Amino acid sequence: MSSSSSTTTNTTTESDSSSLPTHIGRSNSDGIIDTTPFLPPTVTRTISVDEESNPIHRSARRQGLREAARFLRHAGSRRMMREPSMLVRETAAEQLEERQSDWAYSKPVVFLDILWNLAFVAIGVAVLILSRDEKPNMPLRVWVVGYGIQCWLHMACVCVEYRRRRRRRHPEDGGGSGLTNSSSQQYVSLAQLEDRGETSNPAKHLESANTMFSFIWWIIGFYWVSAGGQTLSSDSPQLYWLCIIFLGFDVFFVVFCVALACVIGLAVCCCLPCIIAILYAVADQEGASKNDIDQMPKFRFTKTGNVEKLSGKARGIMTECGTDSPIERSLSPEDAECCICLCEYEDGVELRELPCNHHFHCTCIDKWLHINSRCPLCKFNILKNANNEV
């Protein structure tokens, strides 16, 4: 009796498992791009040829923002952000990282950096001359000289890196017609070029060594100042306060950078539309043009009045605008949400569908495509698709 009941339960479980819907086959014919904006837990992402040739060049620099976004969403939200929304924020973090890297070596920032370090060197030399009669019980003069050498090395590395980036950037910008090929890839290409040259660039190695040495040198200076105590402040006040100021500035910059990284992480995680709007306002048009964006189909979302009548319990229907034979698609509750702003589609809102079949709010995706022509979810390049159609 027990054996027959067990066989019955086995057959029922097998039939139930066979009747379960499978969630495979959600990609197009070439198996690269997902056709729905919300993906299963095992997500297949589009990997470019450049990324495959250098598989670790992005992971180290981007890991901090990605892990911060995941942690903040776990800790501060009522519900965990779904995987597609996290992918969008990881893409936005990469975009910010690439633009920050390019901005850090722009002409005004490089000029201010060199001017700032020259001021430190000049102040150090002046205090060393004025305090020639002071006799500290700790080798503070050695520490000040070492600090000045670090400033000189930093300025040299910045100048070399700035000139290297300019040499790499001018061939990209000077092509004229090359912008029509893929103008949105300017920042991506620059980031990939600099990452590829990192292993063979002496300036990068020297800058990394200088950074590590400056950290160790700061600890040594802090120890000497602390060990000297009140004797230093009375016997060598100029050298003492110079070291205190240099140490304090270093701490200030570290705290400032950490706080800025936290603010950026919070903004990317919680206020991504604001970040996109700021980049849209201040950045040059490096992505798709308005004409390229307007060529993509626009849809209007309509909420369903009676959900029970629809198989699959769809949340609403998106209907193509501006055509005599509009295409209609029903959206499930999981799909009826914008991955950028994390807001559910309201009745009558306009949606934009990309060639990869991912859809977003028009106001959200249009600004993103103005900055970067790649889909924020699967990184499909809409300009490449437009050129192939031509």
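The first residue you see is number 1, and the count goes up from there.
Each Cβ is built from the backbone N, Cα and C atoms, and glycine gets one as well.
Here Swiss-Prot flags 1-39 as region 'Disordered'.
The compositional bias 'Low complexity' annotation in Swiss-Prot covers 1-19.
Annotation source Swiss-Prot lists transmembrane segment at 109-129 (among others), citing sequence analysis.
Residues or ranges marked as transmembrane segment by Swiss-Prot on the basis of sequence analysis: 142-162 (among others).
Through the fold, the transmembrane segment (212-232) approaches residues 136-140, 143, 146-147, 150, 239-240, 243-244, 246-247, 250 of its own chain, all at least 6 residues removed from its boundaries and within a Cβ separation under 8 Å. Among the features that Swiss-Prot reports, transmembrane segment is placed at 212-232 (among others).
Summarising the annotation, Swiss-Prot assigns transmembrane segment to 244-264 (among others) and lists sequence analysis as the type of evidence.
Here Swiss-Prot flags 265-285 (among others) as transmembrane segment.
Averaged over the zinc finger (338-379), the predicted model has a pLDDT of 84. The zinc finger annotation in Swiss-Prot covers 338-379 and is backed by sequence analysis.
Same-chain residues lying 6+ beyond the ends of the transmembrane segment (109-129) with a Cβ under 8 Å from its Cβ atoms: 103, 141, 144-145, 147-148, 151-152, 154-155, 158-159, 162, 238-239, 242, 246.
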